[in-house]
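As written in Swiss-Prot, here are the features:
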{"type": "BINDING", "residues": "Lys90, Trp104, Lys109, Gly129, Asp151, Pro152, Thr153, Ile180, Glu181, Met195, Tyr199, Arg314", "note": "carboxy-S-adenosyl-L-methionine binding site"}
Amino acid sequence: MIDFRPFYQQIATTNLSDWLETLPCQLKEWETQTHGDYAKWSKIVDFLPNLHADEIDLKSAVKSDRTSPLSEGEKQRIIHHLKQLMPWRKGPYHLFGIHVDCEWRSDFKWDRVLPHLSPLQGRTILDVGCGSGYHMWRMVGEGAKMVVGIDPTELFLCQFEAVRKLLNNDRRANLIPLGIEQMQPLAAFDTVFSMGVLYHRKSPLDHLSQLKNQLVKGGELVLETLVVDGDINTVLVPADRYAKMKNVYFIPSVATLINWLEKVGFTNVRCVDVATTTLEEQRKTDWLENESLIDFLDPNDHSKTIEGYQAPKRAVILANK
């Protein structure tokens with residue numbers, strides 16, 4: 001099982017120390033209610049070898065390697081373990097010559113977001129809905145002091161810990177398996193990311209308020225979410241599914257999204273990027289047995305989802321507390 005005590009020790013002398021009032025009890029409770037496969041997944045992490053990487057690149061990729069390459073047998077054993085943690089959704093990872101080609105080219109998103117951010121050097125960062133942690137490692141690569149990701153999905157936690165193990169057990173990033181609604185308001189993070197989460201929230205304004213409560217005064221919010229074309233009065237509420245996803249509730253226009261952020265008290269709200277999701281960015285690979293974007297679009301008109309809605313388009317909004 002994954003041990004969170006090193007994280008408790010890390011934050012004990014930081015401005016996150018107040019979290020220790022609630023977090024250990026929450027995670028003890030979490031351990032009693034985990035997914036039935038969690039024990040198996042965490043053992044897979046244990047089975048991975050303790051390799052020392054001579055080269056780690058988190059600035060331009062998430063990559064580890066060493067001067068003496070692994071044998072083919074060693075590579076195949078690691079691939080076998082990692083594939084037991086499928087599906088791998090967000091990546092890619094390059095680990096000791098093994099290319100973990102995930103469903104999403106999350107480096108594409110990072111390249112869109114990064115140029116607009118306040119420098120991450122020395123910052124304490126929260127990544128809400130972090131998945132398996134790809135962007136967390138890229139934040140570390142930009143010089144973040146500490147990156148905390150939260151995501152309640154046990155598989156993502158085990159994928160994150162597997163990658164960490166193959167990155168010399170780097171402790172600058174940590175994944176906590178909780179949702180933001182379970183976090184006490186810490187007002188302790190310099191930057192808070194919420195990417196690909198808002199449209200899954202039944203109450204989007206509550207989510208925005210929860211993000212604000214985690215920021216220091218003047219801190220920066222990085223919000224990336226699905227949007228639709230339209231004016232300040234435009235919000236899509238899918239009747240049933242959107243792109244085959246049943247847990248999509250509100251997809252606003254950029255103007256509506258900016259209005260929401262201002263309504264909950266954010267300042268300096270600005271849209272810095274809008275991009276339609278491409279079949280190069282989200283696609284099937286050998287590391288994903290499920291359907292992907294091509295299956296979610298109208299086969300005769302890729303400008304629409306299979307349900308007839310506008311195809312996925314994502315905006316990046318920055319704001320300050």
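Note that Cβ sites are derived from N, Cα and C of the backbone, with glycine treated the same way.
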In Å, how long is the longest CA to CA span across Lys90, Trp104, Lys109, Gly129, Asp151, Pro152, Thr153, Ile180, Glu181, Met195, Tyr199, Arg314, which the record gives as the carboxy-S-adenosyl-L-methionine binders? 26
For Tyr199 (carboxy-S-adenosyl-L-methionine binding site), list the number of other Cβ atoms lying within 10 Å of its Cβ atom. 22
Candidate with the highest Cβ count within 10 Å, taken from the binding-site residues Asp151, Glu181: Asp151
Measure from the Cβ of Thr153 (carboxy-S-adenosyl-L-methionine binding site) and count the other Cβ atoms within 10 Å, all protein chains considered. 17
Give me the count of other Cβ atoms within 10 A of the Cβ belonging to Lys109 (carboxy-S-adenosyl-L-methionine binding site). 23
